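Okay, structure first, notes after.
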Amino acid sequence: MAKMYYDSDASLELLQGKTIAVMGYGSQGHAQAQNLKDSGLNVVIGLRADSRRWKQAEAAGLKVATVAEAAAQADLIQILLPDERQASVYEKEIKPHLTAGKCLVFSHGFNIHFGQIVPPADVDVFMVAPKSPGHLVRRTYEEGAGVPGLIAVHQDASGRAYDLALAYAKGIGCTRAGVLETTFKEETETDLFGEQAVLCGGVSELIRAGFDTLVEAGYQPESAYFECLHELKLIVDLIYEGGISRMRYSISDTAEYGDMMIGKRIITDETRKEMKKVLAEIQDGTFAKNWLLENQINRPSFNAIERKDAEHPIEKVGAELRAMMPFIKKPGE
């Protein structure tokens, strides 16, 4: 059974008197930094000098400096930049200030696991990964709760890396809900697989395929949108609350029979074989190599596919229907 840790297992005293530099002020950066600050810890945000987020961070009452300046004054350096930018920023602006006894912190293991960042042996390297988007990390903290998270230690130079990881997790509110001990390898590979095969890649293609099937058969696009996209949230909420069995308990017997009889015709043995290939490409570094190369050549495939998918009919129909639904929050609200 995996080991879980809670508030009683962690002490913020380990971080008292230390400076925590949070590099980046995006979804996770703003949430983790504000939670750490509200936990009574000393936080500085590291940003580019021309970053549009500089004033946002200052408005939230946070100290802001350039990445290099923040790294120089920090005892713990949390890198919350996009995966594809981390290695370059680390080499140029963080590594020169990563002196013995400091801690390097991550919320995703990509760059450590795939060898893009190789820290010196005399620093602690650990991960605290909230299993939630940043806005929920912040909101639940403010409500007195928290979101679950993962912790892992890659390098324990001080002999206290696990305790420091737990303290950091407590500072952002994750130990209120519980944190699971894992490894950089496990977090990285399972996270990428979940995104590609299920949560993002799998779901996106399933939705579009269902929509296309109905529209090509002559059904109204609006009806296809409701059946294949809009109602997905209702089903996912049930699964989130109590697993697949809870969802099946809550739907009609007709829907449950269709689930049991037809599901395996959609996710076939061939699909499962392809999932194993996807996982193998993550494990052997093929995906990481392709993604890093894609960024080095200015993302030609990424940009082309993004533009093409944005023009899919489901996007236009969805925008029109959502405009009629005042109960749906608009982006940015």
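Each Cβ is built from the backbone N, Cα and C atoms, and glycine gets one as well.
Annotation comment: Swiss-Prot describes H108 as active site, evidence class sequence analysis. Sequence-distant contacts of H108 (active site), defined as residues of its own chain at least six apart whose C-beta falls under 8 angstroms from its C-beta, comprise D83, M127, A129, E187, T188, D191. The DSSP secondary structure for H108 (active site) is coil.
For Y25, G26, S27, Q28, R48, S51, D83, E84, R85, Q86, G134, the entry in Swiss-Prot reads NADP(+) binding site. In sequence order, P133, G134, H135 make up the list of same-chain residues 6 or more apart from S27 (NADP(+) binding site) whose Cβ falls under 8 Å from its Cβ.
What Swiss-Prot lists as Mg(2+) 2 binding site is D191, E227, E231.
Close to E195 (Mg(2+) 1 binding site) in the fold, though at least 6 residues off in sequence, lie G201, each with a CB less than 8 Å from its CB. Summarising the annotation, Swiss-Prot assigns Mg(2+) 1 binding site to D191, E195.
Over all protein chains present, the Cβ of S252 (substrate binding site) has 8 other Cβ atoms lying within 10 Å. The substrate binding site annotation in Swiss-Prot covers S252 and rests on sequence analysis.
Summarising the annotation, Swiss-Prot assigns domain 'KARI N-terminal Rossmann' to 2-182.
Positions annotated as domain 'KARI C-terminal knotted' by Swiss-Prot: 183-328. Model confidence over the domain 'KARI C-terminal knotted' (183-328) is summarised by a mean pLDDT of 98.
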Relative to the Cβ position of D83 (NADP(+) binding site), how many further Cβ atoms are located within 10 Å?
20
Counting other CB atoms within 10 A of each CB, which of the binding-site residues D191, E227, E231 comes out lowest?
E231
Looking only at Cβ atoms, how many others are within 10 Å of the one on Y25 (NADP(+) binding site)?
26
C-alpha of E227 (Mg(2+) 2 binding site) to C-alpha of S252 (substrate binding site): distance in Å?
15
What's the CA-CA gap between R85 (NADP(+) binding site) and E231 (Mg(2+) 2 binding site) in angstrom, rounded?
36
Round to the nearest Å and give the CA-to-CA distance linking S252 (substrate binding site) with Y25 (NADP(+) binding site).
45
